[in-house]
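Now, the feature entries from TrEMBL:
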REGION    1-29  region 'Disordered'
COMPBIAS  14-25  compositional bias 'Basic residues'
DOMAIN    44-101  domain 'P-type ATPase N-terminal'
TRANSMEM  78-96  transmembrane segment
TRANSMEM  102-120  transmembrane segment
TRANSMEM  302-327  transmembrane segment
TRANSMEM  347-371  transmembrane segment
ACT_SITE  D419  active site, 4-aspartylphosphate intermediate
BINDING   D419, T421, D1002, D1006  Mg(2+) binding site
BINDING   D419, K420, T421, E689, F731, K755, R794, T874, G875, D876, R976, K982, N1005, D1006  ATP binding site
REGION    457-506  region 'Disordered'
COMPBIAS  477-491  compositional bias 'Polar residues'
COMPBIAS  609-628  compositional bias 'Low complexity'
REGION    609-661  region 'Disordered'
COMPBIAS  629-646  compositional bias 'Polar residues'
COMPBIAS  647-658  compositional bias 'Basic and acidic residues'
TRANSMEM  1060-1080  transmembrane segment
TRANSMEM  1142-1165  transmembrane segment
TRANSMEM  1171-1190  transmembrane segment
TRANSMEM  1202-1222  transmembrane segment
TRANSMEM  1244-1263  transmembrane segment
REGION    1286-1348  region 'Disordered'
COMPBIAS  1293-1302  compositional bias 'Low complexity'
REGION    1362-1382  region 'Disordered'
Amino acid sequence: MARESEDAGMAKASKVKRQKKKKTKENKTRTVQANILYDNAKGEENPNRHYANNKIKTTKYTVLSFLPKNLFEQFHRFANVYFVFIALLNFVPVVNAFQPELALAPVVFILSVTAIKDLWEDYRRHRSDKEINHMDCLVYSRVERRYVEKYWKEVRVGDFIRLRCNEILPADVLLLSSSDPDRLCHIETATLDGETNLKQRQVVRSFFDLDCDFDPLKYNSVIECEKPNNDLNRFRGYIIHRSGRRDALYKENLLLRGCTIRNTEEAVGIVIYAGHETKAMLNNNGPRYKRSKLERQMNVDVFWCVIILLVMCLFAAVGHGLWMFQYGDKRPVFDVLSPEGTDLSPIMSAIYLFLTMIIVFQVLIPISLFVSIEIVKICQVYFIHQDMDLYDEETDSHLQCRALNITEDLGQMQYIFSDKTGTLTENKMVFRRCTVAGVEYSHDANARRLAMYQEMDSEEEECTSHGGTLPRRDSVTSHQSAPVVLRSQSTKSHRRTGSRAEAKRASILSKHTAFSSPMEKDITPDPQLLDKVNECSSQMDFMRFHSQPMSQLPSDLSDIIDFFIALTICNTVVVSSPNQPRQKVRMRFELKSPVKTIEDFIKRFTPSRLTSGSNSSSSSSLITNRSSNKGCSSMLSSPSAESTLTKLDEERPPRGLDHAFSPVPPCYDGKAWDKEEGELRYEAESPDEAALVYAARAYKCSLVGRLPDQVTVELPHLGKLSFELLHTLGFDSTRKRMSVVVRHPLTDQITVYTKGADSVIMDLIKPPNTGKRQKKIVYRTQNYLNLYAADGLRTLCIAKKILSKDEYACWLQRHLEAETAIQGREELLFESALRLETNLQLLGATGIEDRLQDGVPETIASLRKAGLQIWVLTGDKQETAVNIAYACKLLDPEEEILTLNADSQVAAKAFHTNFAPFEIYPSSSPSSSSSHTVPFMVHRLGLVIDGRTLAYALDKSLEDKFLAVARSCRSVLCCRSTPLQKSMVVKLVRNKLKVMTLAIGDGANDVSMIQVADVGVGISGQEGMQAVMASDFALPRFRYLQKLLLVHGHWCYSRLANMILYFFYKNAMFVALIFWYQFYCGFSGSAMIDQWYLIFFNLMFSAFPQLITGTLDKDVSAETLQQLPHLYVNGQNSEEYKPYMFWMNMIDAFYQSLVCFFIPYFAYADSDVDLFTWGTPITTLALFTILLHLGIETKTWTWMNWLSITFSIALFFTVALCYNASCPTCYSPSNPYWTMQRLLQDPLFYLLCAITPVAALLPRYFYRACQGTLFPSPVQVGRQVKVGSPLSPKPPFLSLAKPSPKGCNKKDQRSFPSSNTPPAKKGPVSQADEEKGQRSQVQPSDSVRSHSDLYTLVATEIDTLPYTKDAPTTLGGATASFNQSL
């Protein structure tokens, strides 16, 4: 009772306190208290009652709301509103043209199909929600004083939850207790970000030192935290204890919904966010919907169809009014009276007829076009998914299509913006070389080892190509069958265990550990540096044995050991023991199939809680207590930070050096770490960290364990050293560095070890005047950094700083204040880190190699031949980026390089004067479509610009000039660019040049760029799935972009463009038949075609063949499209769907309708046949003509094409025979009885079926034959090329262009500033340039091309952009002066 009264008193006190803070914090924070304090209170008194419960509902409809809500959504599409209006108009007796119920059938059918599809999708969501909501978890019950099982949907904010190994988290939980002795909890976040390496989370600081199990009844704290948001890498707040003490909360204390507990037997936490307020649910955006360029163009033509419809109706109404007017007062006997029984005036008759004709001509607006396009796009996505060439066996991942309605945009791309690291490169960082204390260690043996991997890979590829390809594994293949498949690949596979491909396969078949292939792990140490490390360690061991101060160690040796200590401990690498496996449940298609939601993943892959057992051991928990995602700006702290501050006030007793070492005898041999079963497993969050830890291990400086407050390192001769970890300042993209504050076990000094980008660290080094030796080290290190960058290596600088006790105490006091702040915490922590990381002592630098992905140079070369402009936007330093650009053939050695490096806005203003010769984009052109006529010449130039200059160039006053220069260059490379700058560059090019843009990247820093572009592509690589989640398409490798664009993009665009044009033609042709009849019926709105045929002609009889053609048609084979990339220009210039093509199709439709109308008209002119006996042949002839027209336009015939056409004809005759036989009085007074049966007995009918379609299609056939023979388009010529024939290296049609006059290359040459690259051929690249080692091609001349040149395929090295309108410009001397002025 006393306990309960005490709890009630606390509840009242907290309520008063909460009311005081409500006004100030209502919109900024949320307060969470334990629900058990309010078990006996009324519901209104529970402070957590306003927060969302844990029941999720992803469905859109309920039983009652489905019909109105679904119809409301469908009526957002204007076409549906239009057709419903037409159908309802038909119910008005004065203007109706058909039976009202029959006229309603098509629109009801379309709406019903869409509604059934939406209902099925929503039912699946409901079923998934129900399954997830009824999963069980353990929630603490105060009544039973134990944890009881409850459904997920019953969990509330403020509940205490017990979590067990391999369990999925039901909500966002603050970690208060863990069975791990280090108070850590290990989780796997693959469902959130795709990263398979373990993360660790730590217990809240104030609950860290609990000696007994956590008791929820003793919990009496209040949590203040931020409102729910979707930032996975941020959580800010603090916990207030009864004593008034406040402890800061970080993302390291929060376990997110959907994650899985690993390697931890049991954990307890309190729910902070539940249900739809969890970060996982707030990130669940589902598939993305965009409008394609083709669809926007189609909408314009739909508008023109509306105009044509109104003109035809107006013409008919005027004609009817005049026809009625000529009778005067004598009304015709067949005149229809008004509803009141009086005569209608000619004007009123014309008005009513106008509405009637809208009903009759409604088919001109294609109601089935929109549904057909959706069906075709879904089929196209399916076939893209089924392309095994886009399946990556090494990662067992496939292309994902996340945006279903922009597949045709893939065939119209003009600019590609690419990230470098992880997109063009493998993001597999391999330690290559280093410099320590100003001395460079080249690691030649390690270089030879890496070269051997390259040879092995090429040998393996050659062996695979000669010995047969590896059988592809299906998505459902088990792990057990994979080794069998691999053994059948080659007889040499057992000798190539060190090759990269073998290592990748091993990482898939075994339990995956990120960044741990043999290529990355097995580093060969430099003998000279290894000797120095051993010498240093032995001297330190000698000094320890004789109790000598470590300060007597020579500076160069001291720097070496500090360098490797920094490599070992300045990271967040997770250490796990191999004899205690991770218990990771392997899911074969974990990365393969797109998991749209967390619940989708849970539904498919829920592991059994009973399988976990207790086989996770705390001994395997030697894992870092922090995870530092690159996108996170939070500074992390050790749990002992505050206690450290109090300890510093006490005098620390001197301790012997012996206590810092373990009695384990060290390894004294000179070899690298032995590859034995007991080898520790390193799991890093970034490949850079893993590379440095493996490099240190090669020198026997091994990371062997990590606790929340200490890091254990094993050094040669010294054994294991335990560094007390006082603080960690995590890496983020703003600071570009990471620091750890430790107490050194040998010197007992507080030491700061920092590693980071050289551009940042070199600015934080002590001023050079502090010492000659340090000045010399800085100078030499900078030179080596430049050399590393020139070799394409990623560089990192290592530094340290020694703090006095008072300096650290002063810094820590202010840092703790910054940590507990909620508002402005990032800024305060950034300033606090800056105070610590100044006046550093430079130790050395590392060079890490990031290898290019397979096929990247070939892919870039192919895409450029396709007329695509490729810009690389990277955060790497300039020298590294330039070297990689040369390696991947983005930059050509024969190109002149423009390097723009400005230190101020004033220097950047030189754009205005020095780049006057470059013309700006054609702002005067009213539309982008008009800019396709005159090619824009691109110079043989490469533009390299750094981040600072890019910031100036993106200024409003300079962006036009910058764009004019950039688009005139063949290659653009933006270095040191931030994520925001990447998106600004993409937006600038897209909006100013009115071009189609594609952005491709693999990391969280590429998300903004991917979202801004017309098409975003994510690489499912080593940096998680953030880019994939934000993208429209996801690829396993960059090289697959070639086939996705050049083949599937080309096909999708060509199919849809032709299908849309065919739809417009087909509907116009059918409607025109009725229009011609109006001249013979007094424009009365009558039709000679039965209304059943009118209604269902487009919906049933002619619908299927065009769907088959739109899905399967291939104008050119995949092999030809990849061998002749220039055919891609066809889509860039919208050659398949020009505005004039719509009008040509309309003219052709009207001509064909005239033929189909008047030939039967004259054939039956003097006969006594009734109206339908004459109208039914017209319908039949129209169907035959439309299907034969489709046959002329079809490029690839399959059995499905034949089947669909046969089915359409059979369906028409079946329906006609049944309808004419069974429905004599369906639409009185008309009588269609036995019409088709009589026609089939009439020879004249068969004669008409033979003559009319031929006469109607003769002009089109003649045009296609002449155009394909005399003036073939590049695509038509490409269709005739036989890939693999002796002609294919240089097809004869490539030489049809007029050769350039001799000496034309020299005409526009100007002098350039000196450059490291060899002299290049200057002038526009539209003239002939022969590449060394490549086949020469003849280029079109600068002169205006004749008609015979228009169908010439562009040669391999063309750099004209046919989608912009500028005239060719020449380079003046302004380029040189600008380069010199900056």
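Heads up, the Cβ atoms here are built off N, Cα and C, so glycines get one too.
Owing to the predicted nature of the structure, the values given are computational and were not obtained by experimental measurement.
The binding-site residues shown are G875, R976, N1005; of these, the one with its CA atom nearest the CA of T421 (Mg(2+) binding site) is G875. Long-range contacts of the transmembrane segment (347-371) within its own chain (CB-CB distance under 8 A, at least 6 residues past either end) are made by residues 77, 79, 82-83, 86, 89-90, 92, 94-98, 103, 106-107, 110, 113-114, 302, 305-306, 308-309, 312-314, 316-318, 320-321, 324, 338, 1060, 1063-1064, 1067-1068, 1070-1071, 1074-1075, 1083-1085, 1087, 1094, 1097-1099, 1103. Among the binding-site residues R794, R976, the residue whose Cβ has the fewest other Cβ atoms within 10 Å is R976. Highlighted: of the candidate stretches 102-120, 1060-1080, 1171-1190, 1202-1222, 1060-1080 has the greatest count of Cβ pairs under 8 Å to the transmembrane segment (302-327). By the Cβ criterion (under 8 Å, sequence separation of 6 or more), the transmembrane segment (1244-1263) is in contact with the transmembrane segment (1171-1190), since 3+ such pairs are found. Long-range contacts of the transmembrane segment (78-96) within its own chain (CB-CB distance under 8 A, at least 6 residues past either end) are made by residues 103-104, 106-108, 110-111, 302, 338-339, 352-353, 355-356, 358-359, 362, 365, 367, 370. Take the transmembrane segment (1202-1222) and the stretches 102-120, 1060-1080, 1142-1165, 1171-1190: counting Cβ pairs under 8 Å, 1171-1190 has the most. Within the set of recorded positions D419, F731, R794, G875, the entry lying nearest in space to D1006 (Mg(2+) binding site) is D419 (CA atoms). For D1002 (Mg(2+) binding site), the nearest of the recorded positions by C-alpha distance turns out to be D419; the candidates were D419, F731, R794, G875, R976. Within the model, the domain 'P-type ATPase N-terminal' (44-101) carries an average pLDDT of 81. It is 1142-1165 that, among the stretches 102-120, 1060-1080, 1142-1165, forms the most Cβ pairs under 8 Å with the transmembrane segment (1171-1190). Inclusion criterion for the binding-site residues F731, R794, G875, R976, N1005: a C-alpha placed within 10 angstroms of the C-alpha of the residue listed as 'active site, 4-aspartylphosphate intermediate'; this criterion is met by G875, N1005. Through the fold, the transmembrane segment (102-120) approaches residues 60-61, 66-67, 70-71, 73-74, 80, 83-84, 86-87, 90, 96, 359, 367-368, 371, 1091-1092, 1095-1096, 1099 of its own chain, all at least 6 residues removed from its boundaries and within a Cβ separation under 8 Å. Under 8 Å from some Cβ of the transmembrane segment (1142-1165) lie the Cβ atoms of residues 301, 304, 308, 1061-1062, 1064-1066, 1068-1070, 1072-1073, 1075-1077, 1173-1174, 1177-1178, 1181-1182, 1185, 1189, 1244, 1248, 1251-1252, 1255-1257, 1259-1260, all in the same chain and six or more residues away from its ends. Counting Cβ atoms from all protein chains shown, F731 (ATP binding site) has 27 others lying within 10 Å of its own Cβ.
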